[in-house]
């Protein structure tokens, strides 16, 4: 069997470890032939491939980014799986001698995986997103690294905030789901955590900041990029459009900081952490999760368990049907937010 | 309600975060009065206590060690819960005005928790061990930090090993269970992982090291301190006796290295990582897990859910009966070892 | 002798280590009495002091920020050392029983130190700025930490840039001197380093980015916040005014990125690293430098070497007259920029 | 001109950055042809070479170890530069088309460099040793990384020590010179620093440990591997012989710990940090120093400044005659030890 591997969407620390796990297991144990497509579907369309064997994946687990590159190039014209588009995919598979796909990606990519599976094209999914907003798995690799980077930033910002008696606002990634903000905020002991799922008014935020000051402390506010103040969903930030033509979200910290300063009289500074959250060497947790996920995906291919995705459940990596993973985003439940807010607010 | 908090056994990064979580939730939300005993049961016996309130736990999450100190002093004379010993505990509780215990510790401590619960003394357990060998929870806090430290050591040793074409043997903690070695070895891409659960002969180990050399690489061997070569369970290392009078295990790497060198002719070096694995600032993962576990323990006390322990199951922290946690150690199952060995051996 | 210690200006990792070094040496070896002023000159004006002894500085070396707080409150009304202002300082010193000052700060603070010295008030300076733009010393503590944080950000951003074939622009601190950008860029292997001292046109920058692309690589551009494109010194960024009423410089990366993207057609992303550079635990280098500087300042006070500052020269910490330190900023010389540009451009 | 590059002796973080600096400067700016010898003089003897150009050194600065490998194979039979041995070197140079050497190494390697220079063979030295015991330069690259790793270990061990009220003994590298112990101990706030240069009796050590206990603290003792208790220079440790047939020094911590425990009654634990100090990604400081040193060496070759070594003096990298670098080891002067001991003892 000859399996094509590709990564699609934003990068996520652990992608190299996942590829390595899949290749060592697939090639050395199951006897597959494996090839990688460069830059996601771009490499598939252009026939830009690299052979994946033991040598190709040597020593790549600790490396950030992904050896194959990634892109947002869609598999189908206009992103729609028309019969013609699927026929074109099949023709290209024959041309390249590919029997099955191993697709590493987030919600968008696993939705594509399901479309291919629906059309009878053999595919296995490997979940990947720093945002942790994918169903069917407790955590996605990349998330722990992003949380670690954000928590370290909190540790650093806090000391500056307390030395200067300032309110520090840190913006972390999270367009629709606030997992990074929730975990990093809890790890760093943030006084305030603001999530896309739970809008709060600027007035309420300022009240909290003042009550923290009254306890003799400086506020460290962690805000997910997708948070919008209650009643101000259309607030405009400095960011432009992203690769999908959607308004980019970055910059809400820069909107909040001056408003907090003005209303509370407390000097306030914004930091937008940005891309440093999604690059660089993965944490040990993410390397292990990614490696095990890659291994499980190779085993799934060997067992013909097409249409599944390898997910973490407790301390086990298990296959779940793709439909469990895609569809609704996994957002932060109210109980988790209350847990954080009640205890630390 | 007045709750006494203590830590017992070896230290584990995250203990401060767990105390903070329990105190912020217990005092601020549930209205408990909470006190800490210094140095575990020593503080209970001596009445050496500190009040635990918001101020006392301020900013302690990122700190290693534990603000209360810890020790291996037993709660009962000779460690046996005789009626007299239990009566003494009850008398002391009355004297100190303590209604219930929150016990932070590993297998030994949770066994004590169960003894107290059996005797009708209100107690909630918080699991803690870097070894991850406790039942009733997917992971214990401290484990992720230990794995991270060990994985970083592998990253460092590997470059020296490859520059000098040496075999590097790294010994990590794990007396009876090889979890740290398994995860750190997988994260670091070790060529060989040796666990207490799966003895291998020196001959077999050397064959593997030679086959790695034949592939043009230098071996990085991770060995848990409790590993003993097959058929040599009584091998003597340099370590003496531990606090319980049991032979200390440290030093097996120093036994293996010269034997590998002699048999393979490959220059081999041993490193015993030791106590750096169990100290220092916890990872973000461990801080979150510890904080949530502390919160859940405070909630358990509020609900009168005595005789339980707060465990991680998937992404939820849930209460389990203490008997699920104690008793048999959670060791590495064969499937996990095979997964690592087959893919990377 | 009773010595008053204060920190002024922006915070810089290592301030706690410097205070600890000065106090352990001053109190334990020379027998001084030492007190700290909270929040810089604010604490002096308000008589807000803390005793500084062995216990007060216990364990503070690894901590970021500064135990005394810092502020930009000036010592003199309007910042001018009029005879009245100096008389007021002397009166306050008498009131507080202070014989001499130990002033920890950057250019502004050491200029104040010199004013006090000129007026015959005993003062010793301890240099501190992450920007490394102070004369009289090879390096200032805080700089190495800032460079480390920035270099780690480059390591992280590079992997994302290469996975997506993007140009990544990282903005680091450096209003007038580009030392952080120079060192972090060299450490991280940046393709382009843009410094305030050496304006380059956007056209030239884009040519370099394209030539990097033609070599098959993705550009990592490090830009100091004070850099302005040649001929565009008045370019407007999103930042407002700083604590001195001067326009804040932050945001030049966000001005450059879209212009690079537009002109080269290469997807380009900006990251403004911000305050994480100046907070958090100092590197070992900065802790040693700060500790030794603090010790040397205590020795200077003991020797009556007023009007001096403790500077690093090679591997020795030596006293220099304050006038060597202040006045002209230490900027990056052309040879250092050429070294970086010619070799890596 | 065709220049041969080799690394000899133990590895030291920064070697890759030094090679990259020399190659980018030498090949791209000066137009040299450059080749690397694999595994030090072994590659020279065997003609095992790799071409060194921009592509070969791409992205290697952050990597630990060294891309060329290193070994302790001597250039001359028996290490003696006899006329025959030198003639053989010249013959081999002609055979390989090598005009000059760039030798990266410590004391031993630079001594060889001087022998070659004395014989009229063109050679430039690049200093490298984690031990920092080489003359002619303020610091050698690798030292800052080793100190950072050791200081982080202290941060971790301290929390365990204080939680358990134990004395922790950390052994770091340093056979003849205690620089790593001195700097790491100062950075970590060690209570005791023991250096090869300044023997202290076990009795004196125990007195210090007890006085620390009397102040309510737990001792963190940093000991360089080459330290021997006063009057016990021949104390036997567990370590065997090194690559030169000299007794290895490792293990003095394990000799000291039980003796401290026995004499003071304070539970004491030893950690031997070992090879993790010399591997892994270099600090930003070491990357910059190594890069600049490599650049300076390429410039020296271009200027025909043979017989020199590139050293750091303040913030400048300058050439010094090889004889300044070799000969006497640079050890810790008494003033530096007193500075540390008096202040912190």
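Don't overthink the numbers, they just go from 1 along the chain as shown.
Even glycines carry a Cβ here, placed using N, Cα and C.
Feature annotations, reproduced from TrEMBL:
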- D:131: active site, proton acceptor (ACT_SITE)
- D:10, D:72, D:73, D:106, D:107, D:108, D:109: ATP binding site (BINDING)
- D:107: Mg(2+) binding site (BINDING)
- D:129, D:130, D:131, D:166, D:173, D:174, D:175, D:225, D:269, D:275, D:276, D:277, D:278: substrate binding site (BINDING)
- D:2-300: domain 'Phosphofructokinase' (DOMAIN)
- D:108: site 'Important for substrate specificity' (SITE)
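Binding residues for substrate (D:129, D:130, D:131, D:166, D:173, D:174, D:175, D:225, D:269, D:275, D:276, D:277, D:278) extend across at most 33 Å, taking the greatest CA-CA distance. The two recorded residues, residue D:175 (substrate binding site) and residue D:131 (active site, proton acceptor), show a Cα separation of 8 Å. Rounded to the nearest whole angstrom, the C-alpha distance between residue D:173 (substrate binding site) and residue D:108 (ATP binding site) is 17. A straight line from the CA of the residue listed as 'active site, proton acceptor' to the CA of residue D:106 (ATP binding site) spans 9 Å. Counting neighbouring Cβ atoms within 10 Å of each of the binding-site residues (D:73, D:173, D:276), the lowest count belongs to D:73. Computed over the domain 'Phosphofructokinase' (D:2-300), the whole-number mean pLDDT of the model equals 93.
Looking at the residues that bind ATP per the record, D:10, D:72, D:73, D:106, D:107, D:108, D:109, the two CA atoms farthest apart are separated by 15 Å. Secondary structure at residue D:269 (substrate binding site), as computed by DSSP, is strand.
Cβ neighbours of residue D:108 (ATP binding site) (same chain, under 8 Å, six or more residues apart in sequence): D:8, D:9. Less than 8 angstroms from the CB of residue D:107 (ATP binding site) sit D:129, D:133, D:134, D:325, D:326, D:329, each of them six or more residues away in the same chain. For residue D:109 (ATP binding site), the nearest of the binding-site residues D:269, D:276, D:278 in terms of C-alpha separation is D:278. Counting only the Cα atoms, the space from residue D:269 (substrate binding site) to residue D:72 (ATP binding site) is about 34 angstrom. In sequence order, the recorded positions near chain B (CB to CB under 8 A) are D:269, D:276, D:278, out of D:131, D:175, D:269, D:276, D:278. The shortest Cα-Cα distance from residue D:276 (substrate binding site) to any of the binding-site residues (D:10, D:72, D:73, D:106) is found for D:10. The binding-site residues shown are D:10, D:72, D:73, D:106; of these, the one with its CA atom nearest the CA of residue D:278 (substrate binding site) is D:10. For the binding-site residues D:72, D:269, the greatest number of Cβ atoms within 10 Å around a candidate Cβ is found at D:269. Counting every protein chain shown, the number of other Cβ atoms lying within 10 Å of the Cβ of residue D:278 (substrate binding site) is 26. Counting only residues at least six positions away in the same chain, the Cβ atoms of D:70, D:106, D:129, D:130, D:278 sit under 8 Å from the Cβ of residue D:10 (ATP binding site).
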